[in-house]
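Q: OK, TrEMBL features for this one:
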- 83-100: transmembrane segment (TRANSMEM)
- 144-164: transmembrane segment (TRANSMEM)
- 184-209: transmembrane segment (TRANSMEM)
- 295-319: transmembrane segment (TRANSMEM)
- 339-361: transmembrane segment (TRANSMEM)
- 373-395: transmembrane segment (TRANSMEM)
- 401-426: transmembrane segment (TRANSMEM)
- 433-453: transmembrane segment (TRANSMEM)
- 473-493: transmembrane segment (TRANSMEM)
- 497-642: region 'Disordered' (REGION)
- 499-521: compositional bias 'Acidic residues' (COMPBIAS)
- 523-536: compositional bias 'Low complexity' (COMPBIAS)
- 573-584: compositional bias 'Acidic residues' (COMPBIAS)
Amino acid sequence: MAAPRIHKLPVQQLTVLSIARFAEPIAMTSVFPYLPEMIESLNVAPDEVAKWAGFAASVFSLSQAVFAVPWGRASDKYGRKPAILTCLTGTMIFTIFWGFSRSLGMAIAVRAAQGIFNGNVGIIRTTVAEMVPWKELQPRAFSVMPLVWNVGSIFGPALGGALANPMRRVPGEPLPENPGLLDLYPYLLPNLVAAALFAVGITTGILFLEESLETAKGRRDWGRELGKRLTLSSQRLWHRIKNFNAPTDPSRQPLLKPSRPSYDIENGPYLERKKPIEPPPSISECLTRQSILNLIAYTLLATHNIAFDGLIPIFMHYPRHTHPQTSPLRFAGGFGLDSARIGILFTLYGVSGMIIQFFIFPPCARIYGVARCLRICSVAMPIVYFFVPFTALIQDQETQMIVGFMLMLTKGLFSTFAFPCSTILLTNSATSLRILGTLNGIAVSVSAIGRAAGPAITGAVFSVGVERGYVVAPWWTLTVIAALASVPVWWVVEGEGFGGDEGEIEDDEEESEGEEGDDEVQTPTGTGTVRVNRGGMLRTALDTGANLEDAEGQRGYGTAGGMLSRTTTIDSDAIEEEEEEGDYEGSPRVGGPRSEPVSRRGSRAVTPRRVSRKISIPIGMSGMSRRYSSNLGHSLGSAAGN
């Protein structure tokens, strides 16, 4: 029996998706260093800056929550690629507008618009799930986008802090007589750089990103066609430069120059394969018991994680505790660090998260399973939150920084594991790929509500707590929220993924085993046996002596010739390419009705790699030019590459 097929990550497409996404975390996190100063420059009183900065963050999350589901449903209907590129374009435009904001009202409105177009989180997650439906590869695949976010989160704050207000204007200072562009708009420069990165990502997506939605794959993609032409031209130019001074041997030169490929009507690749556009799924189809449990767990996870990330720099910046303790729990103090040292800690925090995401998480998830990893992390994070405030009691500041940073790293380890695990479990809770875009849109919406509520709750509790001498109050509030988040994960079931049923894989193995020797197929009429060897030669022993071609011709074009008919599993990439080349309106259908495998959940299996279909084909001729029926006059070229 042949060895089972080894699936591979679509590295090229994941790289294209990462480049397209890279500008988003940079644009989002570059705002943090200069946001308070920018709000103050918009004629806001100093004691009101924190309130309006928090309001701007909440508006972003709330608008994201409202529009995430519509974006997901649009991607289910029109395709992932158009939705991703539209969101990136809108975010790029309003990133520039943010730099031009000169009033508080405009800044809040632009921030809300940015949240409207920030619907890519769920769509990209769905795209990754469709690119990598195999369960064993999902931990590594789903760690790529968080890795991109971690890298962007390292460069974003550095970019914002270095480029914001280059003229070093003090808020409220009068403008010079001949103000320049950066005098009028001191926070424009980092946003222009972020917009340039968006332009690179959008261009890369247009030219090289493939559509992953099954019902949209047959549509003509002008961007991909242009990308292929540019790639081919670049390769030719590179070969010309490489071989310009290379010595040539006349005996090795071809007699004729290579010509460009031509396409006829039958085999033209630019013919659009029409597939019916299915209506977007209803909300009730998406919300199964497992999906609801995963949504609750994911929302609570996002709530306490974003609250921690917003609270820890405030805690580290708060003055150290100097008053004598009257109670073991009554103390109000922090680390007393300046912004530069906090920035260094966060940079190291981001780098460590990137290393954990890419090198530690995937093997651990494969060995122990994503559900078990999520349960361990969910139980451990409340313990970390419980002990964080007691670091304020350490007298030596260097020791205090080391202990505090170790707690940050511990929390970062658990959150780096928890988010992709929760994402994988939520993805695999979907009953079919058709509803995945809508389900991820719902996840983005409800988690955005948590992201808006988390910082607001802990910020208010922190203000009240330090006023009354209890800095433990916000941290123990986080402990309670994290403890609640650990409850639903114990009822979450680890799904099977969308990589196809085991029976299909076994069929593939049986067929590959048969290709080693001769295949024997019984004719449906019982008149004889057809033997096919590895070279594709037919050896027939028909009792009636009837000609195969005549017998097949009597069956017409509607069904495959029964004498060679069998269910064959071949690479779906070959099927897709062959259908693009051969299927056009009015052409005869080859091979009869296509068999549609049923997934483990009873829905139609949409497997991007392998398709089982009924065809009439000499067995063992994969990799060669196939003529399905001698009287059809319809030949299909072999698929190159998988």
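Numbers here mean position along the shown chain, with the first residue as 1.
Quick reminder: no glycine exception, Cβ is built from N, Cα and C everywhere.
Please treat TrEMBL annotations as automatic predictions, because they have not gone through curation.
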Q: Of the listed stretches (184-209, 339-361, 433-453, 473-493), which one yields the highest count of Cβ-Cβ distances below 8 Å with the transmembrane segment (83-100)?
A: 184-209
Q: Which residues of the chain, 6 or more past the ends of the transmembrane segment (144-164), have a CB below 8 A from one of its CBs?
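A: For the transmembrane segment (144-164), the nonlocal Cβ contacts are 14, 17-18, 21-34, 37-38, 124-125, 128, 186-187, 189-190, 193-194, 343, 346-347, 350-351, 353-354, 357-358, 416, 419-420.
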Q: Short question: which residues 6 or more past the ends of the transmembrane segment (339-361) have a Cβ under 8 Å from it?
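A: Residues 33, 139, 143, 146-147, 150-151, 153-154, 157-158, 161, 313, 316-317, 401, 404-405, 408-409, 412-413, 416-417, 420.
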